[in-house]
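To start, the structure itself, in structure tokens.
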Ligand SMILES: [Ca+2]
Ligand SMILES: [Ca+2]
């Protein structure tokens, strides 16, 4: 194993934490996902996009030589299958390394898929148009920007407009390592549009998942190493102002929103040490939290699913649609559960 590894202090990694199992009555592993589905986004019509095959220096992979891809699953089907979407010619598939994703539906019903990509471990945001009839993604645009040095996730707010989290301040692997080790709190959220790119929130240990409330008033940001979810209010000029911070006892990765209730579903890593130092005999665990009424005095936090890694390792995302819960992982498999 080579390369720099991020080893934050043990308390931030919750290195000694073990999980108690919380099972759901009906779950099955999704066929065809064996090397991670770091992020999942579901359209209001039940079509779910999976970002699969993420690779990073120092991060375990079960398919190190296979490029990543985007899979689609129709949750309205009786026994839905995950099928790989074709991607239009001209896009470099060999170096496709998708990470956080977000969908956007325009006023003319065009569906855009925003994908954080790390071709050759660099940082871009790719915008695709989803062509449902053709089962394909048409590549529209690659975005690179100096304010996007280490992108983790995006939330689309327009056809070429988004908020993005940077999980590190630096791009260089050695500086990234130092930054994490020194706990600099330099990571941030950036707003991007074709006319304006700006820093809108900063001071996170490591900003990770990002999403938006159904009424579009609030942006939620997961700070994975601080074990926090930040609630930020969106201003007319797209700046963000902090409203509150919810402290949790786990490493929070991607955030999904139930559009009907506004509940936040969180893919969590109970023990970060096991995640970063992969040992198949002592694998990383999985944990899914549901957060209700985050704006209230006492938000309700429920552990909906937890597993010690015997079934599912390293859950990074959990998202719901019509009684179905999908759970994705950083580099392992994905689970389809009935609630
Ligand atoms: Ca996302
Ligand atoms: Ca993430």
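Placed from the backbone N, Cα and C atoms, the Cβ positions cover glycine too.
The active site, proton acceptor annotation in TrEMBL covers 99. The annotation Ca(2+) binding site is assigned in TrEMBL to 38, 39, 101, 152, 153, 208, 253, 254. Marked as disulfide bond by TrEMBL: 27-337. Annotation comment: TrEMBL describes 254, 308 as N-linked glycosylation site.
Highest local Cβ density among the recorded positions 152, 308 belongs to 152, counted as other Cβ atoms within 10 Å over all protein chains shown. If you compare Cα positions, residue 38 (Ca(2+) binding site) sits closest to 99 out of the recorded positions 27, 99, 308. Counting in whole angstrom, residue 101 (Ca(2+) binding site) lies 21 from residue 337 (disulfide bond) by their C-alpha atoms. Taking the centre of the Cβ atoms of 38, 39, 101, 152, 153, 208, 253, 254 as the Ca(2+) site, the nearby residues of that chain (Cβ within 8 Å, site residues left out) are 51, 99, 100, 116, 209, 267, 316, 317.
Counting every protein chain shown, the Cβ of residue 27 (disulfide bond) has 16 other Cβ atoms within 10 Å. Among the binding-site residues 38, 39, 152, 153, the residues whose Cβ sits under 6 Å from any atom of ligand 1 are 39, 153.
In three-state terms derived from DSSP, the residue listed as 'active site, proton acceptor' belongs to an extended strand segment. Taking the Cα of residue 254 (Ca(2+) binding site) as the reference point, the closest of the recorded positions 27, 99, 308, 337 is 99. In this structure, 208 are the recorded positions from 27, 101, 208, 308 whose C-beta falls under 6 Å of some atom of ligand 2. Taking the Cβ of the residue listed as 'active site, proton acceptor' as centre and 10 Å as the limit, one finds 25 other Cβ atoms among all the protein chains shown. Inclusion criterion for the recorded positions 27, 308, 337: a C-alpha placed within 10 angstroms of the C-alpha of residue 152 (Ca(2+) binding site); this criterion is met by none of them. Using CA atoms as reference points, the recorded positions 99, 308, 337 were checked against residue 208 (Ca(2+) binding site), and the closest is 99. When the alpha carbons of residue 39 (Ca(2+) binding site) and residue 337 (disulfide bond) are compared, the span between them is 16 angstrom. Distance noted between the C-alpha atoms of residue 253 (Ca(2+) binding site) and residue 27 (disulfide bond) is 21 Å.
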